[in-house]
């Protein structure tokens, strides 16, 4: 087992799990371990994480700022598609995995490694996402998933291994209440009291957004400018994709926007309960959707909308690097060519309320839509339209 693998590239956070994994792989496979720590805007202090990896046994430690790449090449394409899983989840965890895996594979090539490794458990979706992405990018690389191989079954087992191997960890008394995953788009919470779907999430699950009870009593109005479906400015100030997300996180989070508590269907077959905070993404999704209302032709909009579940499932299930997702993206991006304009949004007590929109490509005609007297639309013409559309269903209601 260990002879064929001489070097492994590990997705490394610096926490207990991946620190134990680093040492376990080095010992079990008798190989070199190179680590990758990706800054995806998770708001964690990554200073010293490379030194910790090296002290734990890594031969080289990469710490990379991938925030702009993450926002530009992964979040924004998904937002253009209005992707939302099971009608509710904005895919904050799912969309991060393809980028991390791509860098793992690229580093593996640069380092001459034979395998990549991750710390996802054998019960969740992330193992699938990492490994499908790796297979798509380089099927010759082996993927090591320690949670499916080793005998450890609890946090205590990991702590004991860490103590035996001089791996520095935080004390057990400081452990988090939940299993958490955070990046610039969202923060997710699972486990603990959340495993009972009847329990209300506790105060420890509020990191990016305040409880609505604590949100300001006055609404806040903002404007978001879009070009070809991508947000480019907030309140008239041009910003990079990552800065757009970060700014909207601050604005939305202050007003309690973007909280979601749901039971979802995992790709691996079980249901799981998760609590998600996606303040900036929720604001962006609502504003973009609203602008499409005046910019997109009806049939193009309806066609794209019919494909939202397919696109969202591709992201959720780990098929970012797939012919179907790329084909869907091509259709989506065609629809976005004229989604350019400005949306005015009101933020208040957990709500995102679009209250105004304008676009140089607007298909909305006030002279046609008016309820006042007009000289453009002959209302009598509607009679023939209705008559022709009734032919197919005439008498249908009498069949039963």
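Each Cβ is built from the backbone N, Cα and C atoms, and glycine gets one as well.
Note that the structure is a prediction, hence the values are computed from the model and not measured.
Listed by Swiss-Prot as binding ATP are 11, 12, 13, 14, 15, 16, 17, 18, 19, 38; the candidate from 112, 119, 122, 124 that the record includes in that site is 119. Using a 10 Å radius centred on the Cβ of residue 179 (L-citrulline binding site) and all shown protein chains, the other Cβ atoms total 14. Taking 11, 13, 19 as the binding-site residues under consideration, the smallest Cα distance to residue 129 (L-citrulline binding site) is found for 11. Within 8 A of the CB centroid of the L-aspartate site residues 121, 125, 126, the other residues of that chain are 120, 123, 124, 127, 128, 129, 268. In terms of C-alpha distance, the listed binding-site residues 89, 94, 121, 125, 276 place 121 closest to residue 13 (ATP binding site). Just so you know, the Cβ of residue 94 (L-citrulline binding site) picks up 25 other Cβ atoms within 10 Å once every protein chain is counted. Classification of residue 19 (ATP binding site) by DSSP places it within a helix.
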